[in-house]
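Below is the structure I would like to discuss, written out as structure tokens.
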């Protein structure tokens, strides 16, 4: 009995020494800890966002096989950008990448960009080929992207100057060849007749798929072409060497190539906004603005929704990843633990100038984060 009383006295003495318990103080301490945790999470997300933007810049250059961003000024872009129907349609119909994370659409598994449309502007020929004593338009160089993909369509676009009276125009496309013994320097590719009415000039397209395929098989035969568009009075209406006020009216080739996409599996994950207090691995919104980079060489989109992953991957949340959990249980010290990373990504379409001042319309894989998860 005396022993029990002694224990009670000791307990009471300890309570007196410890003093009264302030519940409000404990609540404030807990609140401060929570605030500190949220602040750390915000800082972590901001660092993750900055790293994601820098990674995107590196990935775009790498996937487009560019060592550095093309150095093309806005003035040069205004001169080179064709004022032509196919390009205007691409730009006008271009929609900022929508958040299509809910669908199960096809996506490309390849690392590098899959090209869909290439717009090639004329350049100076490697050969000094002259017809009638003066250089003739036009010579086109082709990138390896055309050579290693299936060409499904090739159109030559030419601009015809406006006429003052109704007239019939005879359009002729000639392929330049090495001079033959009889003096022949060209052979016909296409010819057509069309009626023009007074008003503005028009763009006319001509199918050149066959000659392009021949050029790709025998590059040495590509010496260029000559374009003629004569009206009834013998005036050449084709813009081959643009004069004053004719910027963007150069002839150009529109080449469409195709590649086969591959199907990938679907996954699910958490979606959060910037004000979310979610600590688990989650997908957060991120808009990449190319104009903010000074990347004027990207024609469209000027910005797109890239998104990024951030959050904790606690082992208590890993019933979905039993293999990772087992590894941690087997070797808790040697395992670095799972990371919050993209588990599904989708491509973006991009219209841009490459280093050779060619306009490319292509698909760049794995540029939009659709799902995040722990792995």
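Cβ atoms here come from the backbone N, Cα and C positions, even for glycine.
As listed in Swiss-Prot for this protein:
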type     : residues : note
SIGNAL   : 1-23     : signal peptide
CARBOHYD : 71       : N-linked glycosylation site
DISULFID : 272-282  : disulfide bond
DISULFID : 281-340  : disulfide bond
DISULFID : 309-372  : disulfide bond
DISULFID : 313-374  : disulfide bond
Going by DSSP, is residue 282 (disulfide bond) sitting in a helix, a strand, or coil?
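For residue 282 (disulfide bond) - judged by DSSP and reduced to three states - the answer is strand.
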Check the Cα-Cα distances from the residue listed as 'N-linked glycosylation site' to the disulfide-bonded residues 272, 281, 282, 309, 313 and tell me which is shortest.
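Out of the listed candidates, the nearest Cα belongs to 309.
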By CA distance, which of the disulfide-bonded residues (272, 281, 309) lies nearest to residue 374 (disulfide bond)?
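When the Cα distances are compared, 281 comes out closest.
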At a 10 A cut-off on CB-CB distances, which of the disulfide-bonded residues 372, 374 has the highest count?
372
Taking only C-alpha atoms and a 10 A limit, tell me which of 272, 281, 313 are near residue 372 (disulfide bond). These are the disulfide-bonded residues.
281
Could you tell me which of these disulfide-bonded residues, 272, 309, 313, has the greatest number of Cβ atoms within 10 Å of its own Cβ?
309
Looking at the disulfide-bonded residues 272, 281, 340, which ones sit with their CA no more than 10 Å from the CA of residue 313 (disulfide bond)?
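If one measures from the Cα of residue 313 (disulfide bond), the disulfide-bonded residues that come within 10 Å are 281, 340.
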Using C-alpha atoms only, work out the spacing between residue 272 (disulfide bond) and residue 281 (disulfide bond) and round it to an integer in Å.
9
Reported as an integer number of Å, what is the Cα distance between residue 281 (disulfide bond) and residue 309 (disulfide bond)?
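Pair distance, Cα basis, whole Å: 7 Å.
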Sort out the sequence-distant neighbours of residue 340 (disulfide bond) for me: same chain, 6+ apart, CB within less than 8 Å of its CB, listed by position.
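The list for residue 340 (disulfide bond) reads 281, 282, 309, 310, 311, 312, 313, 372, 373, 374, given in order along the sequence.
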